[in-house]
Each structure stands twice: as C-alpha cells, then as structure tokens.
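Quick notes on the structure that follows.
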C-alpha cells in the first residue's frame, strides 16, 4: 500500500481539507441606483447568488483588501454596479413614468431655488455686515485724526513760544560759526504726528489665484485681529452619501464656482475701496501739512536746525524716522514699484490711448442758381451716392448729372448738416449793369409813352391811324393786330408822344402785360356799341398791376346803337369812375372813323403827362431800353424794336440785350428812316444783334465788347441749364404711380416758327391752352424766321407737325417734308391756327361708346324646345325689339344676364324687329334660365365722336 500522505501536486479530494471551510451566504440582497440621461435616478433591488468559497485569514475579499481607514473608497467600490456574470440572472430596470419624472424635476428645481435664495441672503447679510464695520472704522479713524491734529497744533504753538523766548534770552552769536551755537539753544521739537489708521480686518489666507490688488494693506501697528478670521473657501457641507448623476454634479460644481467667484469679486472690490479711501486720506493730510507749515522767526542757528517746520530727522510728512518706520516705508516703496510697469515707462503714469472717430466737418456750401448732383456732392465733400440716396428718400429719382434748382440744393445741404450760402451770379451782373441814381441837374423832360389797349375789334389801331394820319389797319392780316407796334407822333404843338399798339386777342396776354410795364399812360379803348368785354377787363387789371393811370377813349360814338353812358356805368363797376360822376378817370368820346374827339384826346394825354412830370437823363447816362419786338429778317439778320428809356443810344454802341449782345450797325425810326441816335422815349429798330432776343429783354450799353460777350454767354448757359432742369425734372415716385394708374397721355408734337418773337410766345401759349384728359399739345421747338431743313428733320425725328405763322418754308425744307411725308401748315391769322390744331386733336381722340335703349318686352310663357333650349313667348310693351340688338334680362329690376339675341320670330317666320303691342318668340344665346314675368330690355351700342369742349 502506498502512503496516505498525498503529494504536493495531488489534486484529489482528501478527507482532511487543506483549508478550513467557511459557510457564507450564497444569496445576498442589495440595491443599485439606476441613472437616466435626463437627470433622474432610481434604486433597484438586486439579489446576488454566490458559490461556496474557501477563505484563508488575511485573504482578499472580492478582489481587494478591506481598508478600515478608507471607508469612502470602499463605499464607492461597493456601490459600483457589477456586471452580471455569464449564467447569472439579468434584471430588467423599469424606467420612470412621466409623472415621476415631472415630480422629480419639480423637486430638484425647488431645491435649487432654495439654495440660490439662501446663498443670496447670506451674501447680502455678509455685505451689510462688512459695510457697517467699514463705516464704524472710518468714523473712528476720523475722530482719532481730528484729536491728533488738535494735539499737534497745540504742540506746534508751544514750540514756537519756547523758541521765541530762547532766542530773546540768548546772546547774539557770531555769524561765522552757527554750528557751535546750535547746541546751546534748546529747541523744542514738536512731537511727531501719528495719524491713526483704521485697523483693517485680519488678513485672510490668500490663495494663489487672487490678484495683486487683493492683498491687504499693512497695519500701522501690530494688533490683534478685531474680527474672527474669515476663510475665502468656506467648508462645503458634505453631501448626503448617495450617488449623484453627472448632470447634477456639473450643476453643483457650477454653482459652487459661481459662488466662489462672486465672493472673491466682492472681497476684491472691498479691498480696492479701502485702498482708495486710504490714499485719499493720506493726500488730504499731506496737503494740510503743507498748508500749515509754521514760519518761525529764530536765530541763524535755529534756522539751520528748523527747516520748513520740521526737524532734519523728520520725513516729508512730518513724522520721525524709526527702524520700523523705515522698514514699512521701504516695504511700501517696493510694493508700489512692483505695481508699476517695467522699463522707462515706470517713471510715467500709464497712458491708455484710444482710437477716436474723427469729428464731423461742417462746411459753408456755396449754391448757385442751378447745380448738378455731382457738383453739389463735391462741394459738401461727400459721395454722390449719399446725395442720390437722400433725394430718393424724399421721393426724387435723380442721376449724378441731374440739374437741381437752388431751393432743392439748399434743402439737401441743410439735411446733410452743412450751412448753405445761396449766391446769384445773375444778381451780380445786374448790379454791374445798373448805373445807379441820376443827378437832379442832369434830368430833362421826355415824351410820354402811351399804350393803347382794349378788346379786339374795338378800333385801337384805327384810332392810332387817325392820330398818325396813316393806314396801318389795311395791311394787317384778318383786320386784327398781332404784333406790338411802336410809333412816335409829333403833334401840331410840337410835342411828341410815343404810342404802343398792343394786340387785343386773348392769345396776346403776354404782349399786353409787357406793354403795360414800359408805359406811362394807358389809353383804354372801348367800343360804345359793344361795351366792356373780357379783354377790356384784362387790360384794366394789367394797368392796375403796373400802377399806370388810365384814360378811357369811348370809340365808335358815331355808330348806330352806341351807348356811351352804358360804357361808363360798366367801367364804374370795375373801379374806373368818370370825372363827371365825381371820380378821377378821364373819359373822352372819340370816333376814329370821322376824327371826332382826337384833338381832345391828345390834349388830355399831354395834361396827364405833365402831371406825371416824366424825366430822364439823355446825356450823362449809358443807354438803357426795353425790347418791344424782335424778328429775323432775311437780308438784315436779327432785328429788334427797342424803346429807349434812359440815356442816348447811338450807332456803334456795344450793348447787352438779354442773352445776346450787339454792336449797333444801324438805327431806323418807326417810319423806316435811318437815324444816328435815339433819345429817351423814342422807338427804334436795331440792326447788328448776335441773335434774336426775347421780347421784354433789357438793353444796356457797355464799354467793353469782351465783357458783353461774357455776359451774353453766361446768360445763355444759365438759360440752357434752366431749360434742362425743366425738361428733365427729377422723377417723383408719386408721379410714376399716377401715370401707371391713369395710363400715358397721348401728345401732339408741334414745331412752331413765326415772324417775330412776340407772335411765337402768343401762338405757343394758345396751343398749350388746348387741353384734354386724353391728349395734349406739346410744343417741342419754337423759333423766329422761316421753316428750314433742320426744322423738318426735327419734325421727322419726333413725329411732329410743322406750323409756320406769317412765315414760309424754303425749297430744301419743302423737298424734305415731301419725301418724309411731314405735314407743313402755314397761317396768317391765329384764329385759323388754333381751330385747325383743335380739329387735329379731336381726330386723334378715340370715340366713346354710348348705349341706346330700343324697347322692352315681357315674358308671358317659356317653351322648352329640343336642341334649341328655352324660348320666351314675349309681348313687346314699348319701343321695338331688334334682331341685331342686345338683351338685358331684368328680374324684379335686377339684371341677371346680358347677351345677344339668338333668334327672333313672329309665329314661324324670322323677323328683323317686332314693334310695340305685338307678340314674338325670342331665343337668348347661352342662357336658358328665363322665367315668366321677366322683362327683356333691348339696346344697341353706338360710337360717338369726342370733342375738346
């Protein structure tokens, strides 16, 4: 038999176990904590089944040794959930219900709010306590400083008195040895003034993260802390020993960090405030010490020892030096030096430079009469886009080259913040051309200028013919005056009178107004048979606006049916009361045909002129006059009729005439005779103009031809800019929307040429007055003289008609117009011109559609016919029903359908119409919902030609 002792490598079960058997619980009950992503957690009961194990003393349990000194680690390791081993039962964890989740969230939120409120209240209490302590320390320091100040003042006075007594009692010492006499003089030195500083709180243990400014100020004397030591890091209460989720741990850490940061910031702010107060107190004490330095009258020895109120052993603040004092001062100096930056800049105060935006520059912007958008922007030193944006915001669409008037430019400059300065170069030129006042000794009597005004066909020109013994009326087209005529008449007495004959037609309003402005007396001609007419009233208004006296000539008194008294009554209603009725208006009854009353009229005119005392300076004044009429003559060029008003106009003079200039080549009087000079109130015809001036322009003589050219060119440029601004105004958004809603208005373009400038103005104004809501006349070009090839080319490009008034077209213009099929119209009377243009406009108007009701029929019966529909059996109640008409179905006076008649029959025959009282059958196209007692209204649509009136 073998030995019963087993070998070391034998693994067979023996009766005696090598280790002792320990019976432990095979089933252990515990709980684990289940955490969810949303922050909730739940405890779950877990049972762990174990097998029997053999344990030796001191062996490890569960893979780790039990350490009694580290319960936290054991707790954490025990609480860590273990993954189930293979073969063990897996437990499924039940998730929380929505109600439980909501309740848990409310609980956590309430807890967080309670913690925040408690922390806030605690911080407020701490801040209030610190504030009270700081205030108490400040008051105590102020009281102590006041007490020490009083003691120092008393000691200083005492020292001064003792020094004065000692100086008076001691013998005078030699000046050469002041040092030997110094010890013999007992000098009382004032005790050092010790300023009590408020005892700061005990320095808290400063952590490494704190800033330099947070270190406490050094105490004046070592003293026990007056308050218990406060730690920056307060001990945090231990959390209950339970497993927290990751979100909860992060939230708690965040709150702790925020509390710590806010607490440190509060402490730092308190320390800074204390340091600021301490610095301010020290500065105040130093300033007070400098102000109160005593001036002691002592001997030379005392003066050597006492300098500026302190001993040589005192510092600048008046305090004695000591070892502790030197140490503290050195510590403070080093501390201040550390706070200063390194390098050379340590000697200077830190300076922080900041970039500052440049201040806006406001300018005085000079604005002429017209200016472009780009030029205005350059003068304001801004971008053109800014000006365009500003005008766009105001509703104006402009471009960089758009011309603005002065008022608009002023508004833009003010809106941009600049100061506008409006200048007028035209005003400067006018001031240059103005010669000033005339001396009284140079004035001489001049002939009166009399304008004859009145209604058309009342005999104005015939009256002038009777006075001049001429026959102008027979040479006028249509028997009416269409130009201003200027004549000078020499009476039998030798006196001279200048007459201006103005047109009476309504189209010549501008001519009449121009004649009233240059006249001295107005002769108002009224026909005794017609009485006061519209142009008569207009002439009265022109004369009143010009403040010119009126002499009424009642013409045609020899004509049957004349009633001068009615004329006087009508004129009285307009403010012209006759002298016979107690007024101040002169009435003269004349007859241009028989010559009756002509001499009386001349006498009244001379009397009125004498009362006006008309004078001028003919010798010592530059010539000045007004252009009455201007035209373009084929052989002589531009010709103008001028009425000289002051000075004397001579041949060879250089003149500025409106936008033109001239060197006078010839002067012709009213009868066509050449003269060498023209005196005041004399009408003459001037030859030698650079162009055709406008009627009403001023003529001024100048000394220099170059200056005359410059003025003329400047005026032409200004007129060109004004025309461009008028022709191309800034487009407004409101106007654009209005055109979009209403549609474009059709235009009739006209190129107008006339013999004289006054006729051009009159005809153009008459054409512009022809208006209609759908069409209007647009005069695109005007000129004086015959129609040439360029006028026809302009008409071709713009699709215009060419109108000539008292002029004709040359051969080239006629050939071009024939090839291009351009309509050329020629007129001598303004009536015919206006009538033809009106007819042309009416021809372009679209006809209007007018509805005409023919009759009514009542539905008596409705028949249903296959493949046709409903047929109405009707009775015509009034009018007729036509086959080609339209029907309107009325049901209780309400229109239910409109449409054409499909079929109209009487019995079985188709008929064209059915009259009143007869029955018929009517079929309506595309409508079958006809009921008994409906009324059928028959109507037709017809086109009617529109008229301008």
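Cβ coordinates are placed from backbone N, Cα and C, and glycine is handled just like the others.
Sequence annotations record features per position, and here Swiss-Prot assigns compositional bias 'Basic and acidic residues' to 67-92 (among others).
Feature annotation from Swiss-Prot assigns compositional bias 'Basic and acidic residues' to 101-164 (among others). Residue counts for the compositional bias 'Basic and acidic residues' (101-164) by DSSP state, with H, G and I taken as helix and E and B as strand, are 64 helix, 0 strand, 0 coil.
Residues annotated as compositional bias 'Basic and acidic residues' in Swiss-Prot: 235-288 (among others).
Positions annotated as compositional bias 'Basic and acidic residues' by Swiss-Prot: 330-339 (among others).
Positions annotated as GTP binding site by Swiss-Prot, on the basis of sequence analysis: 454-461, 501-505, 555-558.
Secondary structure of the region 'G1' (454-461) per DSSP, as helix, strand and coil residue counts: 2 helix, 1 strand, 5 coil. For 454-461, the entry in Swiss-Prot reads region 'G1', with the evidence type similarity to another entry.
If you take every residue in the region 'G2' (479-483) and average the pLDDT, you get 47. The feature region 'G2' is assigned by Swiss-Prot to 479-483, with similarity to another entry given as support.
The region 'G3' annotation in Swiss-Prot covers 501-504.
When each of the binding-site residues 457, 557 is scored by how many other Cβ atoms sit within 10 Å of its Cβ, 457 comes out lowest. According to DSSP, the secondary structure content of the compositional bias 'Basic and acidic residues' (235-288) in residues is 43 helix, 0 strand, 11 coil.
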